[in-house]
Amino acid sequence: MAAVSIAPAPRITTLILQRKTLAIGLAVILAIALFALLAPLIAPYAPNKLSIVNRLKPPSGTYFFGTDEFGRDIFSRTIYAGRLSLTVGAAATVFAGVIGITLGLVAGFFRRADTVIARIVDAMMAFPDILLAIALVAALGPSLATVIVALGIVYAPRLARIVRASTLVIRELPYVEAARALGVPTWRIMTRHVLRNLVSPILVQATFIFAYAMLAEASLSFLGVGVSPEIPTWGTMIASGRQYVGQADWMTIFPGVAIILSVLSLQLVGDGLRDLLDPRLRKDL
Amino acid sequence: MNHSPSPQGGDVLLSVRNLSKRFHTASGPVKAVEDVSFDVGRGRIVGIVGESGSGKTTAGRCILRLVEPSEGEAVFDGVDLFKLPEKALRAYRRRMQIIFQDPYSSLNPRMRVGDIIGEAIDTHGLAKGAARQARIADLLARVGLSPEHARRYPHEFSGGQRQRIGIARALAVEPELIVADEPVSALDVSVQAQVLNLIQELQKELGLTMLFISHDLTVVEYLCDDIVVLYLGRIMEQGPSREVYANPRHPYTKALLSTAPIPDPTVRRERVILQGDIPSPLDPPSGCVFRTRCPFAIEACAKAVPPRESVSPSHSVACIRQAELATLATQKVTA
C-alpha cells in the first residue's frame, strides 16, 4: 500500500478492465450493438432479398448462417433484427425506469400516495407480463412505439417495487435524518441520499429489464402481435424457423443465439456494474 | 402544573413543556413520551438518561421535529418549534443539530466526506467555492481529522473517525443547540473517551448548549450539568446532576445509580437490583409507571400518577413516598 492519502482516481477504463466478467459482457453487448448499428455496411445481403433457388441452404461461405424458406440470408437478417431488438429493449428500459423510479420514490416517501401506488403496482404485477403486453399493444394499436410503451409499462412496476422498498428502508436511516435535521429539501433528499444509494439495485434491475424486454419483444413478434411482420426481428425469425426445425435448425439457432448472447452479456454487465459502483467492493484502494 | 425546575443561571435556551408522543400501532397507541417538561439553560449540558425504551431518543427527535410530537411545546429562544410550519422551521434547523449514535448509518456511504459536510454549508448558503473548501478543511481540523480526508468516503474511516465526521457535519452550520443521541455508546471503550473529550472541548469552546442522551450514567455524571431521568416515557427525577448523584430521591434513580461502577474499591454502595423488565409501553402500569418494579411500591402508587415534588428549587422527584423514603434512609444510617 503506497501513499494512500491523495492517490489519483483510477481511470474508468482500468476499473472496467480489472473486472473480467464486466469487460466480457460489455464487449459482447457492444459488439452486438455495433453490428446492429452498422448493419447496412456489414450485412452481405439485403435482409428481405428473396432467392428461391437458395432456399433452406445450410451455413456456408456464401451464407454464413444459412438461408430461410425464402432464400433470405439469415446472417443479414439476424444483424438487422438486432437493431430492432436492442432499440426496443433499451427504450422500454428507459421508459420503465422513468415511470418506475418516480413512482417508487413517491410511494416510498409519501404515505398517502403509497396506498394508491402500491395497489396499482401490485395489481399490475398480478398479470403475466406477456398477457399484459399483448393487452396494451392491442389497446394502443401495434407499432414500434406501442411495443416500447407497452413493455415499459409492463416492467415499470418491478422497478417501482424495488425503489419503493429500498426507499422505505433508506428514509429511516440516520443519514437521511441528518439531512432532514439540516433542513435539506425533500426532493434533494430523494435524489441525493436515496436515489444515489439505489443506483446499484436499479442498474442491476435495469439490465434484467433490458433482457426481459428483448425477450418479450421476441415473444410478441413470435406471436405476431409485435411490430409489423416484414421487419425482421429475432422473434419473427424464430417463429418462422419453428416449422423447419427438423430440416433447417439454423433458422432458429442463430437468432436464438443472438438473444442468448445479448441477454447473457447484459446480465454480466449488470453484475459487474453493481460491484464497480459500490465503493465498499472496490478493490482499487 | 407547568412548573419545572429551571437551571441556575437564568438564561433558558430551550424549554420543553408537557411533551408527549404517541405512536399508533396495530395493537394500540404506544405512549413513548408522556408529559415531559424540562429546561435547558444556554451553554449547559443536560443529560437525559434511561433504559432502552424509556423514550429518551424519541424525546430528542421530537424536539428537533424529526419525529412529530403529539402534544406539548418546545420553546427555543422564545419560539415554539412545534407550531412552526416546515418552511419557517428550516431557518431554525440551522440553530440546532444532532449527533447520532451509529457512526456507520449516519453517513451517506455514497458521498465523500467533503460533500457530507458541504451539504450542511450549501443548504444554508453559508459559503461558496474556496471559502467553502476552507471551511470544510477547518471543520475537519477542528474535530481532529485532516483536510485531505474530505476526498475520502466514509467506509475508509474507523468508527471513532466517522463519529468525528458526524460532529463536523453538525458543527458546520454553527448551531446553538446540539442533541447528542448516545454519541459514544456504539464506539469502542478506548475511543469513547477521546470522542467525549472532543465533545466537551467543543462545547466549552463554542459555548454550545447540549442535550446529551445516554444510558451511561458515568458519562452523564462526568459531562452534564443537569440530568433528567426517564422511565417508560415519563420523568422520574430531574435536577442538577451533582445534586441528583449525591442525593437521588427516586427509587428508580437510586437503582440506576447503584449499577454504575465506582472507580474506588473502598467505597461501598448498596446495590438495588431491579426485578423483571421494563413493562410494555402498550399497556403501562396505572398510576406510577415504575411501581411494578419498585421495591417500595404501595397500594397508593397504583391510584394516581405521582405529582412532581420539589426536593430543592431545581431538583424534583415524581414519587409519592420520596420524603418518607428519605427519612427512612437517614434513620438507617444513624441507627
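Cβ atoms here come from the backbone N, Cα and C positions, even for glycine.
Annotated transmembrane segment per TrEMBL: A:22-46, A:84-110, A:130-156, A:250-273, in sequence order. For A:82-270, the entry in TrEMBL reads domain 'ABC transmembrane type-1'.
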Segment proximity, the transmembrane segment (A:84-110) to the transmembrane segment (A:130-156), 3 or more C-beta pairs under 8 Å: yes
Intrachain residues whose Cβ lies under 8 Å of the transmembrane segment (A:84-110), provided they are six or more past its termini: 32-33, 36, 117-118, 121, 144, 147-149, 151-168, 171, 186, 190, 194-195, 202, 206, 209-211, 213-214, 217-218, 227, 231-234, 258-259, 262
Tertiary contacts of the transmembrane segment (A:250-273), as residues 6+ beyond its ends and Cβ separation under 8 Å: 16, 19, 21-29, 32, 56, 58-59, 65-66, 68-69, 74-75, 77-78, 81-82, 85-86, 89, 200, 203-204, 206-208, 210-211, 214-215, 218, 234-235, 237-238, 240-242, 244
